[in-house]
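Below is one structure, written out as structure tokens; comments come after it.
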Amino acid sequence: MPGNTFGQVFRLTTWGESHGPAVGCVVDGCPAGIEISEAFIQRELDRRRVGQSRVTSARQEPDQVQILSGVFEGRSTGAPISMLVFNTDAKPGHYDTIKHLYRPGHADYTWDAKYGFRDWRGGGRSSARETIGRVAGGAIAKLLLARYGISVIAWTSQLGDLKAEVIDESEIERNIMRCPDARVAALMVERVEQARRSLDSLGGVVEVRARGVPPGLGEPVFDKLQADIGKAMFSIPAIKGVEFGEGFGVAYMTGSTHNDPFVRRDDGTIGTASNHHGGILGGISTGEEIVLRIAAKPPASIARPQHTVDRAGNPAAIEIHGRHDPTVLPRLVPIAEAMLALVLADHLLRQRLARVDA
């Protein structure tokens, strides 16, 4: 099975299945000498962890990370960094009655069509539990980026038709929706609980930003920065849309309103007076804040009766019980941050190979 490794210089490989013994990752290409805080990696995993609130899955997993290689005396050695998280609360028995049925909205049918065989225990490799490796690897990327003054942040900006109206970043980790608008966050929690009671689920939007990114990152033509970021985001389970800057709003704009005038800043650097472009022009970073939004579909595992077929094509009814997220948004926030950090770390190191004075 190819496609388990992401990046060219700073590379992440993830492994493991939802109900297997463990999941994990290997980070290769991390320069030696980077301070690696296991506590920071654990905090990032805790933000992604199931069972953290009433708007997430009830599965109880400590997600305790173990660093197996590549770190000595708190610093990266330059060798591959391998990290492991054991699955301690897997309950494959929840899937016994539906293992021969194709769950609507899931990858069951497509994996069968591709491989002719699949791990039916919670989706196996296609489960979002695979993203543990992404968040752990993304934490390493964040530690590398921090040395260059680059930071990444994300938040829940929309749930259904509820949209954040105020952006107060200090509120993001103060509420279980990770929404920067405290008033709207409370409404979102109520909406999620309504959906859960109705045996349904909800989708929404997460906004992701990167700050301190220097101009010049990105590789034309096919490895444009937004192309690699787009691939990274679309590789996350449940993501159905990605937009940068004004996104699809550009369809309603003119060139004169969308163009961002270039200016000379007080410190002598060149920037733009506005940021409709979202920090990337021609596939290369401009030095402005990188701004993107990702749309997540409602989780497919719902307890409502649904129509489907079994592997033989026979009609069947299915109800998916067990422990599932009514919305992916709060746990998507750290995953999206991780993927953006991985792309930026990779392109930062690639840029250092592109010119001798980089």
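Cβ atoms are placed via backbone N, Cα and C, with glycine included.
A simple way to gauge crowding: the CB of Arg54 (NADP(+) binding site) has 12 other CB atoms within 10 angstroms, across all the protein chains here. Residues or ranges marked as NADP(+) binding site in Swiss-Prot: Arg48, Arg54.
Sequence-distant contacts of Ser127 (FMN binding site), defined by Cβ-Cβ distance under 8 angstroms and a gap of at least six in the same chain, are Glu17, Ser18, Pro237. Positions annotated as FMN binding site by Swiss-Prot, on the basis of sequence analysis: Arg125, Ser126, Ser127, Gly282, Lys297, Pro298, Pro299, Ala300, Ser301, Arg323.
In this structure, the binding-site residues under consideration are Arg48, Lys297, and the one with the smallest number of other Cβ atoms within 10 Å of its Cβ is Lys297. Note: the Cα of Lys297 (FMN binding site) and the Cα of Arg54 (NADP(+) binding site) are spaced 19 Å from each other.
With Arg125, Ser126, Ser127, Gly282, Lys297, Pro298, Pro299, Ala300, Ser301, Arg323 listed as the residues that bind FMN, the site has a largest C-alpha separation of 44 Å. DSSP classifies Arg125 (FMN binding site) as helix under the three-state reduction.
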